[in-house]
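Input: a single structure, listed below in structure tokens.
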Amino acid sequence: MTQDTPRAIIVIFGATGDLANRKLYPALYRLYRNKKLSDHFAVVGVARRPLTQEDFRNNVKASIEEYQGDSIDHDEFASHFHYNPFDAQHLSEYQKLDNFITELDQHHQAGGNRLFYMAMAPNFFGPIAANLKSQGLTDNKGWSRLVIEKPFGHNYETAQALNDQIGQAFDEDQIYRIDHYLGKQMIQNIEIVRFANAMFEPLWNNQYIANVQITSSEVLGVEERGRYYDESGALRDMIQNHLLQMVSLVAMEPPAKIHPDDIRYEKVKVLRSLRPLTDETVDDYFVRGQYDKGIVDDVELNGYRESNGVEEDSNTETFVAGKFMIDNFRWAGVPFYVRTGKRMKEKCTKIVVQFKDLPLNLYKDNEGTINPNLLVIHVAPEEGITMHLNAKKTDYGMTSKAITMHYDKSLENVEVPEAYELLINDCINGDSTSFVHADEVALSWKFVDTISKRWEKVKANFPNYASGMNGPDISDTLLNKDGFHWWETCSKDKQEK
Ligand SMILES: NC(=O)C1=CN([C@@H]2O[C@H](COP(=O)(O)OP(=O)(O)OC[C@H]3O[C@@H](n4cnc5c(N)ncnc54)[C@H](OP(=O)(O)O)[C@@H]3O)[C@@H](O)[C@H]2O)C=CC1
Ligand SMILES: O=C1O[C@H](COP(=O)(O)O)[C@@H](O)[C@H](O)[C@H]1O
């Protein structure tokens, strides 16, 4: 561990929940192991369950063993963890929590800094933030920061109400809204690929790019999250946040500096330039799907409507494909296609940039065609970059063939920081670059609300795709009518077709 990393007490609200166990403890453990946490860090876990200190530390160790797969002695790490049984709805308990944190701060010499992490249901975010303020927990001598998890509201109105509520207790620069996609290495790489390569930046515009395709597909269905998901759907669960963040990063102008304000400013400009939809135009730009049962790897899987917590005639979409038009000088006329869904063919997040064809190309391939250049950013599960180019076919003639040049991140042989690990590290260090600003939340909800209102009004003919397929046919039609098609495979080894 190091002395120069910021000291802090990390207070986790919802310390017994799924997010804390599956993501936060393993992430903290990796930070600790990689010497990114100060000797003086401490974690206060709060939740209603009456756990003893020992129970809590055993839970933390068990979660590291399960999710980190690492069997070294975790006792020293766990000794930084303290449990405080607490009901967020009881105002009287906040003062006790304050005393508990203050004592620990003295014990660990944590410097008076407090990171409040909301790993609880979203309806608690506002009230807890207000109570932290009113009960003096933010009057500590060091900094205090608030970390909140998505969903940031259910629509524009509720997101604004949430922002107003937490904004009364914390300033915007103290609020860290987590979108875990922004912690992924290859998402962070978008900026570097674009702005550190002379061969891409001059071409990154409507003169040379035909379209951009962003896919985030999942093999899993809604599993145990049916109740939450049926209220949300893919539009709110993925498009409003992760997909729009990716669009913003691919489309933004170069920032003046690598500084949170400069980058947010550029992302906000993209969101402000999105061509707004109306009730009449939604169907031309966005389509939806819901998975049916299907056979995948010889196993028969149930349909969405058969899942726990889902209405039997649910109108909730588990798939969305859409087209964003960004009406600014750089992007006028270039469609940004996105799609996301559950129970699709493969787990894959990737960004494909398709370049325009040359005005004349004499060097066609054997089939008499010329393959467009593609730049593929593989976000997950593979991490890397593939360039699809044309080269001479090895024979006596002058025909071309499609080739790929690939950067495979896994060959670097370095441990890749996991998204939560990286984002928690940023919170502790006060770097809010990879977090979502209130303005981004507001603008993305405004855009998405038009679609969700339309979809609530006009029922779909669901289910419309079998489990294991890449969504419904209308997703293909969306691109085909513009003369394009989805570039399918995620594999770096195969030519993407
Ligand atoms: N799980 C995940 O992978 C992801 C979760 N999120 C978000 O993270 C947040 C947490 O999700 P998740 O961990 O899945 O939820 P869980 O339901 O698993 O956990 C909720 C936690 O809140 C505690 N809690 C509930 N009521 C109270 C109360 N009145 N006072 C104090 N503690 C309370 C529970 O403990 P107890 O019952 O002991 O009080 C539990 O620790 C949500 O906002 C979710 O949307 C976001 C992305 C991914
Ligand atoms: O935020 C969410 O993301 C996951 C997908 O994340 P990934 O890192 O595995 O791509 C999704 O399953 C979940 O429904 C959604 O809430």
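Glycine is treated like the rest: Cβ placed from N, Cα and C.
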Of Glu201, Glu218, Glu223, Glu253, which one shares the substrate site with His180, Lys184, Asp237, Lys342, Lys347 in TrEMBL?
Glu218
Ligand 1: which of the binding-site residues Arg48, His180, Glu218, Asp237 have a Cβ closer than 6 angstroms to it?
Arg48
Near ligand 2, which of the binding-site residues Arg48, Lys184, Asp237, Lys342, Lys347 are found, taking a Cβ distance under 6 A to any of its atoms?
Asp237
Spatial separation of Arg48 (NADP(+) binding site) from Asp237 (substrate binding site) - C-alpha basis, Å:
28
Quick check for you: of the binding-site residues His180, Lys184, Lys347, which have their Cα within 10 Å of the Cα of Lys150 (NADP(+) binding site)?
His180
Where Lys184 (substrate binding site) and Arg48 (NADP(+) binding site) are concerned, what is their Cα separation in Å, rounded?
32
